[in-house]
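Novice: For reference, the structure I am asking about is given below.
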Amino acid sequence: MKIYNTMDRKVEDFVPIKEKCVSMYCCGPTVYNFAHIGNLRTYIFEDILRRTFEKYGYKVRHVMNITDVGHLTGDGDDGEDKMEKASRESGKSVYDIASFYTDAFFLDEKRLNIKRPSVVCKATDHIAQMIEIIKGLEEGGHTYIAGGNVYFSIDTIDDYGKLAKLNLDELKSGARIEVDSNKRNPKDFVLWFTNSKFKDQVMQWDSPWGRGYPGWHIECSAMSMKYLGPHFDIHCGGIDAIPVHHTNEIAQSEAYTGNKPWVNYWMHGEFLLNDKGKMSKSSGEFLTLSLLLEKGYDALDYRYFCLTGHYRSQLKFSFEALDMARSARLALVEKTRELLDSRNDSAVLSSSALEYKSAFDDAMNNDLHTPQALASIWKMLKDPGVADAEKLALIYYADDILALSLKDVKKEAERIGSDEDYALLEERSQAKKMKDYQKADQIRAALLERGFIVKDTPAGSILVKA
Ligand code: AMP
Ligand code: ZN
């Protein structure tokens, strides 16, 4: 299997530390708000990565953290803790906020057929491990205390910034950002804040340096090493984590363990864009999965949409593009339904079917090329030289990775209303065709009274529970 390693900026053969095993750590959500569909794109990419390894015989240990403390509004240790800010604005406790948005996040993941990580761990449950690492760094001479905070000194290591290929001299002279005056080097970062910075911080713990709370980056070093050991295979996240968060994770972890490299492969998902650029929580303009569901889409329409782009390319969201993904997914579901009668359990595939199977495998093994993988499935479905039973077998085979619930397709389309409801829906479609919009609107109102919203999609009108 070949994957792109951000550290080397190239596609490389994946060589696991332990044969046929993959240890992978993925930076999880900061649970002060709903995940937006951009965040979810990154988790879909990580799910595809995991499923691909599993499909080809690897045993995957997948660890994901939940950031419930320490993530400040600014990347340079500036600003307020995002959780505390949400608490102040909503009047709810930080712990209630964390628990609410963590549940909401896993509901989104479930709807998107994202497998639950083998280990999900919360930052607030791992303060002791973080303190241990900071103590080790202090003993190794990598820290200093200024203004009550403990800082990591990047000048104590010789390869700071290697992941992002930072040019430190340029950064120093051209630094435009306002720098914390406690820092000896503008790129130094906080390992532990004491209460000197935010006096009313609710989440605080005792530490050898005073009561306070951790900087953001230390949590991922602490939890990944606790659950995967001091040297593991893959670390993932969105590309925005490269210049600061992952750079700092590497600095402190390698300084602490002496292991170089700490992680063998770094993989990053590109952004989901909207009209204005990167979709982001802080800009306040973002779409959630629930909003797509309210508009009548299925979560898997969004999953399909994500699969149409390679994870290392930017993907621009629009409702037109989502409609196209929905039509394609529904067509795939219909095709699967048509093929159900041909089901047979023969394991033998003809040579033409085998060719499509290897085209799919090649695409996935070539750095998770989902657009090519989907294209190979569509081509196969249109090929009269492949028997129906083989087509169905290949759809099921691909669905282990694509996870579009194609294996769950039943002979009868699932209906959420009675025969009468569907007769009304059909009558409305006819009225629309005849351009009798008044009648169509009346039927829509009648269906609403019966508890259904009518959604017009490119694949026809559907009923959604009101
Ligand atoms: P956060 O909850 O803000 O810590 O972000 C969770 C994950 O989503 C991180 O891996 C980010 O890198 C990633 N992310 C943030 N914005 C986007 C976006 N617009 N598109 C794709 N991934 C994103
Ligand atoms: Zn992280």
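Even glycines carry a Cβ here, placed using N, Cα and C.
Take a look at what TrEMBL says about it:
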DOMAIN    14-326  domain 'tRNA synthetases class I catalytic'
BINDING   Cys27, Cys220, His245, Glu249  Zn(2+) binding site
MOTIF     29-39  motif ''HIGH' region'
MOTIF     278-282  motif ''KMSKS' region'
DOMAIN    422-458  domain 'Cysteinyl-tRNA ligase anticodon binding'
Novice: Based on a Cβ-to-ligand 1 distance below 6 Å, what subset of the binding-site residues Cys220, His245, Glu249 would you report?
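Specialist: Qualifying residues: none.
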Novice: For the Zn(2+) site (Cys27, Cys220, His245, Glu249), what does the 8 A shell look like? I mean other same-chain residues with CB within 8 A of the CB centroid.
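Specialist: Counting only non-site residues, the set is Trp216, His217, Glu219, Ser221, His235, Gly237, Ala241, His246, Asn248.
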Novice: So, in DSSP terms, is Glu249 (Zn(2+) binding site) helix, strand, or coil?
Specialist: helix
Novice: For the motif ''HIGH' region' (29-39), what does DSSP give as the number of helix, strand and coil residues?
Specialist: 3 helix, 1 strand, 7 coil
Novice: Taking the binding-site residues one at a time (Cys27, Cys220), which has its Cβ surrounded by the most other Cβ atoms within 10 Å?
Specialist: Cys220
Novice: Far apart in sequence but close in space: which same-chain residues, 6 or more away, have a Cβ under 8 Å from Glu249 (Zn(2+) binding site)?
Specialist: His217, Cys220, Ser221, His235
